[in-house]
Amino acid sequence: MKKVTTSTLLKMKQQSEKISALTAYDASFSKLFDEQGIDVLLIGDSLGMVLQGCDDTLGVSIDDVAYHTRAVRKGVERAFVIADMPFMSYSTPEQTYLNAAKLMAAGASMVKLEGGRWLLESIQGLNERGVPVCGHLGLTPQSVHVFGGFKVQGRDDLQAEQMLEQAKEMAAAGIQLLVLECVPTELAGAISQAVDIPVIGIGAGPETDGQILVMHDMFGISANYMPKFSKNYLQETGDMRTAVSQYIEEVKDGSFPSEAHSFSK
């Protein structure tokens with residue numbers, strides 16, 4: 001079983017093969033997802049909401065993410081493992097380097113940062129220090145209070161243009177992957193075409209290079225509500241393994257997400 005690497009993901013984009021991704025937080029589920037053929041696993045700061053029961057992700061610490069990264073890594077043989085850098089753990093380049101080192105030591109193969117051009121120095125510095133970086137634009141949950149809630153981003157022309165330019169700048173600075181969350185399908189498609197790196201969407205329509213969902217949403221077991229962009233695969237299949245396999249299959253063949261799970265301008 002050949003391991004997924006940054007080179008694998010880039011080749012998948014170049015060959016128009018969709019990338020499948022899910023969040024994971026422990027060894028049991030990471031093993032289950034890995035065995036079904038998931039390409040990417042993200043230890044998301046979403047753990048603050050789905051595991052810790054909080055209303056947002058802001059209370060998650062770097063130690064929380066490192067703990068779950070160690071657990072996830074133990075269940076994985078093939079999938080590419082990414083760890084979120086949580087709120088205020090990367091405010092300065094120096095702080096970013098130290099905290100990224102903790103996540104890489106815990107078993108991550110890449111770290112994910114939320115934000116735009118203010119991160120360029122940190123992105124370049126991480127690359128120089130051997131740490132692969134995933135960017136995250138659109139609805140960045142750590143900025144929920146700035147946005148005034150969990151809202152679709154990039155619907156007006158100015159905001160869309162700014163997001164496109166920031167994606168280009170971050171790619172030039174050295175990110176090797178980009179997550180777009182809750183942005184209109186047209187914008188997500190334009191960004192995916194404008195950068196050479198793989199773009200993975202969540203609530204960003206079918207035109208990105210891949211899809212990611214929070215595992216609890218994909219299984220329909222989130223405590224609060226089911227986001228518009230998600231789909232309850234466990235309800236459809238009645239079995240966790242089959243649910244994961246169907247999710248992967250629908251991402252690969254392009255049937256998920258449909259228009260019903262996407263946002264328009």
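Cβ from N, Cα, C; glycine included.
Swiss-Prot lists Asp45, Ser46, Lys112 as 3-methyl-2-oxobutanoate-binding residues, and of the candidates Asp26, Asp64, Asp84 the one it assigns to that same site is Asp84.
Taking every pair among Asp45, Ser46, Asp84, Lys112, the residues listed as contacting 3-methyl-2-oxobutanoate, the largest Cα to Cα separation comes to 13 Å. On the backbone, the CA of Asp84 (3-methyl-2-oxobutanoate binding site) and the CA of Glu114 (Mg(2+) binding site) stand 9 Å apart. Reduced to three states, the DSSP call for Asp84 (3-methyl-2-oxobutanoate binding site) is strand.
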